[in-house]
Amino acid sequence: MIHASAIDRFLNTFGSWALALLWGLPLAFAIWTAIHPAEFEANFELLAPLTTVNFVKAWEAAPFARYFLNTFILVTLILACQFFLGTLAAFAFARFQFPGRGILFGLVLLQLLVMPDILIVENYQTMRFFNLVDTIPAIALPYIASGFGIFLLRQTFMTVPKELDEAARLEGASTLGLLWRVYVPLAKPTYLAYGLVSVSHHWNNFLWPLIITNSVETRPVTVGLSVFASTDSGTEWSVINAATLMTSAPLLIGFLLFQRQFVQSFMRAGIK
Amino acid sequence: MTRRIEWVHAWLLLLPAMVFLFTFTHLPAVRTIIDSFFSTARGRRKSVFVGLENYQQLIDDPTFWKVLANNLWFALGTIPTSIAIALVMALWVNEKLAGRSFIRMAYFTPTVLPLIAVANIWLFFYTPGFGLFDQIATGLFDTGQHNFLGNPDTALAAVMVVTVWKEAGFFMIFYLAALQTIPPSLLEAARVEGAGRWTIFWRVVFPLLMPTTLFVSVNAVINSFRLVDHLFILTGGGPNNASSLLLFYIYETAFRFWDTAYAATLTVVLLVMLSLLAIGQFFLFDRKVHYK
């Protein structure tokens, strides 16, 4: 019995490690080529000289500083608006009785299925109508009212004890005061979880920004990277890989530092 | 009287979010359907009502049927595979194996990378001649060069591998969350009854994970229609549309050929697919799944 479980344990450990190494291989390979000179691209010598020249070349070959700034503005804008709109709407759904509640909530949930990602044709025409093509707000607008965010916050607000709500009302708190002083502080873990999911989602988003932007001043890093990797076929692989790592680095480093929070945030956002 | 005030408060709270939801989700969805009955405005020629002409074009368009079939194969190929791998990953990470946090990190890392960056990394893997795959293949079997992405028979499969790599770790998280809610006493009871690990998994754990499996499946189906970023880098939908998916074809139609009416018609097909998914989910699963 004990022997059987020891073998079992060994096989499981072995299998999980084999899969982990396989899963880590592509990234490890990209890192290898990025930190070594081009001639070691496909030539794995343990003592190959290290270099940062690929990163320098990539940084100088395209306006990545600007791309990073654009992405930073974009994700901040989206997150701030999502928090604001989501909090107000979630509060209404969680603690108010009013006509049209069921239908409106259904319409909010519909966005979990019909995402702005697939409505690119019509949304582009809307942006052209508002004369917003090639601006950062145009990238953000379709995403700032998030059905997912409203749903998540509503679930959290519904767990706030009614007694706290009533006590604050008795002390004369207004509707917004109540929301700000009682509900928002109690939902902090949900905001953190949703924030991490949202930031990583919009940092990585590509198709809509590709469509709606066409200048250096508005392009986020993902679009900048694709332009960089495709325009110049003469660019060395090691430089492209360096650029690839550079664009992913902020999220990757954030993930490595706050691994536990990241995983728990995704879990929290998923199971609710 | 106070009830009326409560109503007004609620509506005011909802108003800002609803304005944006309607402007960028509901109205565009409705307008997509309307536009599919009109022609594309070109130059001085205005858009006119053409009835079902766009749909006739759709039925006669071999590329449409090709990308639809591709999308089906893509879904069939990626969804069960990534879910199965995700489940195995979660079972392993949930156990107290040596180096657990490293293993979890390795599984989850692809999830935080941009899909466009992932595609760049894998493109280098697939490069004929000196990409890693060819190096390994040449080293082991001496088979010469492979152009996985340039060959119509393998391009879609190559794209699917990348997708599974990217998604499995994401789905693992949901299984992990679900596994942690299973009471240990339940597993203990099964063990006392003399059930082996295999029996416990299939009779106890797997049924308890059913809601998660359904939730993940629905997400995976949506993603299979929504995620096309990697196509831009890996294959561009080619060769000869062998790896193109529906949303990518919509993009090409709308923003390369500027035929917005036909692109709207293609989007209607996508909306129909998602509606079928919603109806299916409602009738088949909703009884058994409880989202808290």
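Positions of Cβ are set from backbone N, Cα and C atoms, glycine also.
The domain 'ABC transmembrane type-1' annotation in TrEMBL covers B:68-279.
Same-chain residues lying 6 or more positions outside the transmembrane segment (B:7-27) and placing a CB less than 8 Å from one of its CB atoms do not occur. Residues or ranges marked as transmembrane segment by TrEMBL: B:7-27 (among others).
Summarising the annotation, TrEMBL assigns transmembrane segment to B:72-93 (among others).
Counting residues 6+ beyond its ends, the transmembrane segment (B:155-179) has Cβ neighbours under 8 Å at 70, 73-74, 77-78, 81-83, 85-87, 89-91, 93-94, 107-111, 113, 115, 118-119, 122, 126, 148-149, 205, 208-209, 211-212, 215-216, 219-220, 223, 227, 230-231, 234-235, 238-239, 242-243 in the same chain. Among the features that TrEMBL reports, transmembrane segment is placed at B:155-179 (among others).
The transmembrane segment annotation in TrEMBL covers B:200-222 (among others).
Annotated transmembrane segment per TrEMBL: B:261-285 (among others), in sequence order. Same-chain residues lying 6 or more positions outside the transmembrane segment (B:261-285) and placing a CB less than 8 Å from one of its CB atoms are 29, 31-33, 35-36, 38-40, 47, 50, 54-55, 57-58, 64, 68, 214, 218, 221-222, 225, 246-247, 249-250, 253-254.
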